[in-house]
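Lifted from TrEMBL, the feature list:
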REGION    61-116  region 'Disordered'
DOMAIN    121-356  domain 'Sulfotransferase'
BINDING   LYS130, GLY131, GLY132, THR133, ARG134, ARG211, SER219, LYS336, GLY337, ARG338, THR339, HIS340  3'-phosphoadenylyl sulfate binding site
ACT_SITE  LYS130  active site, for sulfotransferase activity
DISULFID  CYS319-CYS331  disulfide bond
Amino acid sequence: MALSGRAGPPSRRLTRRFLFIFTLSLSGTCLCYSLLRCAGGPLPGPERRCLPARSAGAKKLLQKSRSCGREPGEPGGAAASPWGRGRSGEPAWSGPRGAGREAPPAGNGSGPAKLGSKRLPQALIVGVKKGGTRAVLEFIRVHPEVRAVGTEPHFFDRHYERGLEWYRSLMPRTLSSQITMEKTPSYFVTKEAPRRIFNMSRDTKLIVVVRNPVTRAISDYTQTLSKKPDIPTFEGLSFQNRSLGLVDTSWNAIRIGMYVVHLQSWLQYFPLSQIHFVSGEKLITDPAGEMGKVQDFLGIKRVITDKHFYFNKTKGFPCLKKTESSTLPRCLGKSKGRTHVQIDPEVIEQLRDFYRPYNIKFYETVGQDFRWE
């Protein structure tokens, strides 16, 4: 017979001890959980481990662990950033769609961050040499929706084997709302250029600045003469036989002005609606009017107007007035506006006769009379 007050069987005692330990452990866990929640700290787990910094000796360990502070974007934490992290560790844009969404800021630490990305050009000034391409480029660069390469890349005529990624690397950074442009006048007379540009993008917009072919040839010769004073005379280069009126079409200065011949290559790949012709003469007498048409063609607002230009009597062509980004007027370089060499009027008349049928055919093809006769 069991005596009163004695403990029960051993199995019951073990069960009671287990329940007591379990209850105590559970209470401790709940207490820790409550303290963490009240403090607003991260919950423990495999994804959110953190170690408090207790000493300098723990520095290396802490570098491999998350800090115990709040994550960016959490209440009370650092401001959330719209950029996450890509595979390479560089920020990856994940914010709202809008300007500059193609790429994250890429500041160098010493200046403002760079926005946008390098894209292949949507518009090209493809010609013609000594027609006024540099003026068009400099004028259109005033527009805030246009970014253009300052130098001539010569990708589609000289460096095509380097590939499109090399070409893209030459481009300026642009936002999604901006147009990337470049100009290389020799494209217009390069037979392979239309096909190569079409293969890049069949939607590319093309700008061709044309000028009276006789005046253009003289300007071309004047530029060459400034670099090579020992070249033959203009008359000697222009004709195979002047007495018979046989013009030497193998001379590049003459051949470039046969616009309709070169245009045929472009029309095999691009419709006329994607090619805009700028009058080199009107670019001098009415720069705002010509640039207004260029802006319309590019599908951008007419920002460049009469207020941007003044006529420089010394150079003989318009220059840009000072703008918001420049405190001084801007004119083209010393190589522009050279005084042309004097040419025998009879030579000029012979060349006019030579170009006349080409000009008329060109007018008919593009539906525009440039009045060069």
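The backbone N, Cα and C atoms fix where each Cβ goes, and this holds for glycine too.
Heads up, TrEMBL stuff is auto-annotated, nobody curated it.
A map of TrEMBL features onto the structure.
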residue : record                                  : contacts (Cβ under 8 Å, 6+ apart)
LYS130  : 3'-phosphoadenylyl sulfate binding site : PRO185, ARG211, ARG216, SER219, ASP220, GLN223
GLY132  : 3'-phosphoadenylyl sulfate binding site : VAL209, ARG211, VAL278, GLY280, LEU283, ILE284
THR339  : 3'-phosphoadenylyl sulfate binding site : THR222
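Cα of ARG134 (3'-phosphoadenylyl sulfate binding site) to Cα of CYS319 (disulfide bond): a span of 12 Å.
In the structure shown, across all protein chains, SER219 is the one of the recorded positions ARG134, SER219, CYS319 with the greatest number of other Cβ atoms within 10 Å. The domain 'Sulfotransferase' (121-356) scores a mean pLDDT of 93 in the predicted structure.
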